[in-house]
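Q: Positions annotated as signal peptide by Swiss-Prot: 1-21. The topological domain 'Lumenal' annotation in Swiss-Prot covers 22-211. Per Swiss-Prot, N-linked glycosylation site is recorded for Asn83, Asn104, Asn129. The transmembrane segment feature in Swiss-Prot is assigned to 212-232.
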Amino acid sequence: MHLLYQIGLFTCLWLTQYVGAEIDNYDENLVGTWSSKSETVLTGPDFFDPLDEDFFEPELPGISYSFTDDGFFEEAIYIIKSNATKPQCPKGFLQWQHGTYAINDTGTLVLTPFVGDGRQLESDPCTSNFSVYTRYDQVETMEKYEISMDRYHGRYKLELYEWDGTPKQPMFLAYRPPKMLPTSTIAVNTIQTAAKRWTAPLVPLAQKHTNTIWWVGLGLIAIGSIGYLVVS
């Protein structure tokens with residue numbers, strides 16, 4: 001019965017993605033799935049499963065953004081933040097959100113997530129025996145973006161600049177059309193199956209997730225002299 005529910009829900013979500021959002025200043029060059037150099041982080045079902053509330057940890061940190069031609073976006077981020085005073089205690093973050101995007105007349109790119117849909121998994125092996133799984137949504141304003149052909153890699157490159165001009169790590173075109181989960185909001189659909197998980201702001205996740213993220217801490221210990229490793 002649970003399997004039939006999942007199939008039906010995914011079918012409905014998939015069909016509703018074609019009811020598109022209107023977008024001004026449409027840029028066909030932006031459409032597609034973009035991924036940082038390692039290409040281990042990609043949007044879509046290989047990163048996050050909204051039905052089972054599951055993250056799938058990539059082999060390496062990185063970022064991925066996808067954009068449709070009708071105004072939807074999705075992002076997948078895997079970040080490792082080191083602790084300068086305790087190199088053996090890096091924090092790992094998995095973040096996923098989706099929603100709509102707009103391109104202003106000035107070229108500013110604004111990403112507005114569906115409230116209640118985004119998820120974050122945080123792991124700190126030195127302070128807790130569990131990962132912490134929470135809702136996550138963060139409006140992102142990119143001061144500008146640039147798309148060019150990278151001559152060295154022979155691929156299209158996307159560079160996003162945050163609201164203050166800080167560049168994110170470059171991403172390269174991985175898929176066109178984009179590889180994404182359904183673009184409709186999932187918050188209403190998941191509230192029944194996930195109600196017990198969201199009775200508190202922070203909820204310990206199943207131990208299975210800590211086992212797969214803790215290798216990050218062990219790897220940094222083995223390297224030894226690394227002061228910090230940040231992917232943002």
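Every residue gets a Cβ built from N, Cα and C, even glycine.
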Q: Distance between Asn104 (N-linked glycosylation site) and Asn83 (N-linked glycosylation site) at the Cα atoms, whole Å?
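A: For Asn104 (N-linked glycosylation site) versus Asn83 (N-linked glycosylation site), the Cα atoms are 38 Å apart.
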Q: If you count the C-beta atoms lying within 10 Å of each candidate's C-beta, which of the glycosylation sites Asn83, Asn129 ends up with the smallest number?
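A: Minimum Cβ neighbour count within 10 Å, taken over the glycosylation sites Asn83, Asn129, occurs at Asn129.
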Q: Between Asn129 (N-linked glycosylation site) and Asn83 (N-linked glycosylation site), how many Å separate their Cα atoms?
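A: That comes out at 18 Å between the alpha carbons.
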Q: Taking every residue in the topological domain 'Lumenal' (22-211), what is their average pLDDT?
A: 86
Q: Once the DSSP letters are reduced so that anything not helix or strand counts as coil, what is Asn83 (N-linked glycosylation site)?
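A: Where Asn83 (N-linked glycosylation site) sits, the three-state DSSP reduction gives coil.
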Q: Taking 10 A as the limit, how many CB atoms besides its own sit near the CB of Asn104 (N-linked glycosylation site)?
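A: Taking every protein chain into account, the count is 11.
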